[in-house]
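Listed in TrEMBL for this protein:
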- His7, His9, Glu93, Asp204: divalent metal cation 1 binding site (BINDING)
- His129, His154: divalent metal cation 2 binding site (BINDING)
Amino acid sequence: MNFIDTHCHLYAEEFKDDYSAELKAAKRENVDAIILPAIDSQSHGKLFALADEESSCYPLIGLHPTSVDDSYREELTIVEQYLKSKKVYGIGEVGIDLYWSTDYKRQQLEAFDYQIQLALKHNLPLVIHSREAFPEIFDVLMGYKGQPIFGVFHAFTGNIDTYNTIKTLGEFYVGIGGIVTFKNSGLANVVKEIPLERIVLETDSPYLAPTPYRGKRNVPSFVPLIAAKLAQIKSVTVSDVAGATTTNAKSIFKI
């Protein structure tokens, strides 16, 4: 039984002293592969240094929506440079985040649209960050309907109608993480309706640790806790969850 953490910022400052120990802990829990989503040029170097050092870590490249500001075009140029010089497994994390501020909404829309084009050009999956922005995300993706777009809606917290819309926009999966274990999240009822064949597991480490570690630093070795909750919700075995979600992740990221 093996797991893949499809979203983990193991190169983040929170792991600078013990990322190697956390990788070993993850492997003890049968988390055999970790997908590293990008944020911006401030951390791309650390991301690729970790990926070069650890064969179980697979890098993505992209510009995170909360890092979009007036310099976003320069940031996208850097993304393209990495696409030319490095082996990457997806474009992410990218999208729209209107939770903190709407000041750069136009720029976020433009950056997201451009990075969809990069994903299509390079035949790579998108890892989409959407916060308070499903309508805007959907509007952009509608412009590419019928084109071979695929990937993951990371940290999915939508309702079943949201998921049903996602299904129409491309070959998309949903990333389920620690939030599904939170007592009052309401996500369990939604996940019950989503087939395992459309789900991948993620931690979003160091954020959003699952119960009983909520509020603490999240780590990739917590993936089995998320899998166990998913198994409980769906009345299947943890092995069933591991098998389906690992197959899905391998298919998406071609690892």
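If you go along the chain as it appears here, the first residue is 1 and each next one adds 1.
In case you wondered, yes, glycine gets a Cβ from its N, Cα and C as well.
Feature annotations (TrEMBL) mapped to structure.
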{"residue": "His7", "record": "divalent metal cation 1 binding site", "Cβ contacts under 8 Å, 6 or more apart": "Ile35, Pro37, Glu93, Val127, Val152, His154, Ala155, Gly175, Gly177, Glu202, Thr203, Asp204"}
{"residue": "His9", "record": "divalent metal cation 1 binding site", "Cβ contacts under 8 Å, 6 or more apart": "Phe15, Leu36, Pro37, Ile39, Asp204, Ser205, Pro206, Tyr207"}
{"residue": "His129", "record": "divalent metal cation 2 binding site", "Cβ contacts under 8 Å, 6 or more apart": "His64, Pro65, Gly92, Glu93, Val94, Gly95, Ile96, Asp97, His154, Ala155"}
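Neighbouring residues of the recorded divalent metal cation 1 site, listed in sequence order and excluding His7, His9, Glu93, Asp204, comprise Cys8, Pro37, Val127, His154, Ala155, Glu202, Thr203, Ser205, Tyr207 (Cβ within 8 Å of the Cβ centroid). The least crowded of the binding-site residues Glu93, His154, Asp204, judged by other CB atoms within 10 A of its own CB, is Asp204. In the three-state DSSP scheme, Glu93 (divalent metal cation 1 binding site) falls into the strand class.
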